[in-house]
């Protein structure tokens, strides 16, 4: 377990950053390229551990994939061309890989076994395996398909109309991907609209997807046609530097090519509500995934209440929003965020525990947290618990804290932002 020591930043963070490729879009580009007909070229791919797990799984199923830094070429096999893997498909730490790939495996007639690391072994799979079983896939796992390893034998699926108890893009995507080869029209209805990268990218690959309110539908029997994909920067990775720019004194940062998909920009809405000083300049009007350059500078933030429909649009940003709230005047309440409990760690507990070690006044609630600003943070030894987003949030906190902060298990950030610490160092000069 590697540790990193963060020293306080005295002269602010200043400069330009090109944010690495969006993790959600990178995963999907590889998967959809693999089941499309023809050659897909992906530019701006995120070469983090999670997305590399997706590549290795599809290579194991006979797909020809060449990755060179942030450029990837996938020679698609079509929906019916995947081969039975000879080895166990290992997703590493990636919840996106296991859940979306389960939807694809559910419509293949061969046998496969899927597993991941210790964190994946604790994450609930039944929310995906149950609807896939209803469609006719044979899936088993520990505790009746609740936990990995999962065994899947697919094929001969029937479409379903599924009402999901949670707003989860992974659940929705798995069902839609299974529906590509199911008989009939597959429909998924959610309590709130979750991120829609799957729908946007399926359309880019030539699949007709219908959206009506909180319901998404597609008819079985459609083929994917290869297309080139330009991946914008990941707004979830940008969030750490957006908050850093707002809370670290004497800072001004320009974040380039940040993905601005409206189902993902809750962090932008929250910073606006907290009175952060920033500008957004759109750069690729009309693209299937919009992007912008964002300039942010040191701001006087105020506490707010965050809950309801916005939560699925910022669920991954809550750790760093909590940090921002420690530097805001007044109280910030985050609620309706039960999903935090089933992320890489229980992010309610880990955020509260680690920020408390740094001197923040913050308490856990059943569905979120209450943060009392403004707190003077003091350096300490903290732990990421192997969770990339906790690790990056603590690094930004360390820049602000008095004295040095040591982060244990700091290499976890490589899952989504392999160059994070180098970028942070460059901006402090």
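Just so it is clear, glycine is given a Cβ too, placed from its N, Cα and C backbone atoms.
Per Swiss-Prot, the feature active site, proton acceptor maps to 316. Taken from Swiss-Prot, the feature phosphoenolpyruvate binding site covers 23, 95, 123, 170, 347, 389, and the record attributes it to sequence analysis. Taken from Swiss-Prot, the feature 3-phosphoshikimate binding site applies to 23, 24, 28, 168, 170, 316, 343.
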Study note, to complete from the structure: Between the C-alpha atoms of residue 23 (phosphoenolpyruvate binding site) and the residue listed as 'active site, proton acceptor', the distance in angstrom, to the nearest integer, is 12
Review point. Looking only at 23, 28, 123, which of these binding-site residues has the biggest number of Cβ atoms within 10 Å around its Cβ?
Key: 28
Review point. Which of the recorded positions 24, 28, 168, 316, 343 has its Cα closest in space to the Cα of residue 95 (phosphoenolpyruvate binding site)?
Key: 343
Point to revise | Neighbourhood of residue 389 (phosphoenolpyruvate binding site) by C-beta distance under 8 A, where only residues 6 or more apart in the same chain count | key: 236, 316, 319, 320, 343, 344, 347, 416
Study note, to complete from the structure: Expressed in Å to no decimal places, the gap between the Cα atoms of residue 28 (3-phosphoshikimate binding site) and residue 123 (phosphoenolpyruvate binding site) is 20
Practice item. With an 8 Å cut-off on Cβ-Cβ distance and a minimum sequence separation of at least 6, pull the same-chain contacts of residue 168 (3-phosphoshikimate binding site), or say none. Key: 127, 190, 194, 312, 339
Exercise for review: Within 10 Å of each Cβ, count the other Cβ atoms, then let me know which of the binding-site residues 24, 170 comes out lowest.
Suggested key: 170
Review point. Considering all pairs of residues in 23, 95, 123, 170, 347, 389, annotated in the record as contacting phosphoenolpyruvate, what is the maximal C-alpha distance expressed in whole angstrom?
Key: 19
Study note, to complete from the structure: Rounded to a whole number of Å, the separation of the Cα atoms of residue 123 (phosphoenolpyruvate binding site) and residue 24 (3-phosphoshikimate binding site) comes to 18
